[in-house]
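As recorded in TrEMBL, the features of this protein are as follows:
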- 6-208: domain 'Phosphoribosyltransferase' (DOMAIN)
- ARG79, ARG104, ASP131, PRO132, MET133, LEU134, ALA135, THR136, GLY137, GLY138, SER139, ASP200: 5-phospho-alpha-D-ribose 1-diphosphate binding site (BINDING)
- ILE194, GLY199, ASP200, ALA201: uracil binding site (BINDING)
Amino acid sequence: MGKFTVLNHPLIQHKLTIMRDKNTGTKDFREIASEIAELMVYEITRDLPLKSVEIETPMGKTVQKELAGKKLAVVPILRAGLGMVDGVLRLVPAAKVGHIGMYRDEETLEPHEYFLKLPPDIEQRDVFVVDPMLATGGSAKMAIEALKKHGAKNMRLVVLVAAPEGVKAIEEAFPDVDVYAAALDDHLNDDGYIVPGLGDAGDRLFGTK
Ligand SMILES: O=P(O)(O)OC[C@H]1O[C@H](OP(=O)(O)OP(=O)(O)O)[C@H](O)[C@@H]1O
Ligand SMILES: O=c1cc[nH]c(=O)[nH]1
Ligand SMILES: [Mg+2]
């Protein structure tokens, strides 16, 4: 079974509260989404392997640690996932970026894929799939299936707000995919929105409503 982890560092909780507030405007919403993504990646990358290297400081030779060259990729689920990419890249600037476009039909809540462009060596990379919202889980499930079809092997799903329904859907579909959230919310409403949630993440990020 994949692990589900809520990264509830006080800074993450504080920033998420600002995002949830309906009076927070696009500029702050976008900046804070990026900051939370950065903090989440800091926590998630604690297990990255290190190797010893010999270097020379101004005082002489020493053996120290550096990252063992594990390759990473970040794949935002468009559109809203784009709001988390900068934050990831601030900490992992060498990561390659893939894109997968998904929209959820407002009536049926069924996801539809409309774009896919991945780094050619995706199968060799640890992949962070990012999207602020995990609601029914339909979009993330379809995105992860598409990435698997294109060779991605080691994937983690990183979201800001998760609904229990979405977590269950990913756990059942992908025992090999760990899910990280900044918060686990209460439920989905009849329109498939997370409650209390933060509303429509894409629209709030890009000012489209
Ligand atoms: O778990 P689900 O029930 O599939 O819902 C979550 C999806 O819905 C939102 O995207 P949306 O379809 O609104 O597209 P957008 O990012 O372009 O706004 C969100 O960013 C997720 O991708
Ligand atoms: O609450 C939700 C659910 C899906 N997509 C969003 O942007 N928000
Ligand atoms: Mg949207």
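Cβ atoms here come from the backbone N, Cα and C positions, even for glycine.
All annotation found in TrEMBL is predicted automatically rather than curated by experts.
Counting Cβ atoms from all protein chains shown, ALA201 (uracil binding site) has 25 others lying within 10 Å of its own Cβ. Checking the binding-site residues ARG79, GLY137, ILE194, GLY199, ASP200 against ligand 3, the ones with a C-beta less than 6 Å from an atom of that molecule are ASP200. The binding-site residues recorded for this entry are ILE194, GLY199, ASP200, ALA201, and the Cα of ALA201 lies nearest to that of ARG79 (5-phospho-alpha-D-ribose 1-diphosphate binding site). Close to ALA135 (5-phospho-alpha-D-ribose 1-diphosphate binding site), meaning Cα to Cα within 10 A, are the following binding-site residues out of ILE194, ASP200, ALA201: ILE194.
For ASP200 (uracil binding site) paired with MET133 (5-phospho-alpha-D-ribose 1-diphosphate binding site), the C-alpha to C-alpha distance reads 9 Å. Between the CA atoms of ASP131 (5-phospho-alpha-D-ribose 1-diphosphate binding site) and ILE194 (uracil binding site) there is a gap of 14 Å, rounded to the nearest whole number. Annotated pair ILE194 (uracil binding site) and MET133 (5-phospho-alpha-D-ribose 1-diphosphate binding site), C-alpha to C-alpha distance, rounded: 8 Å.
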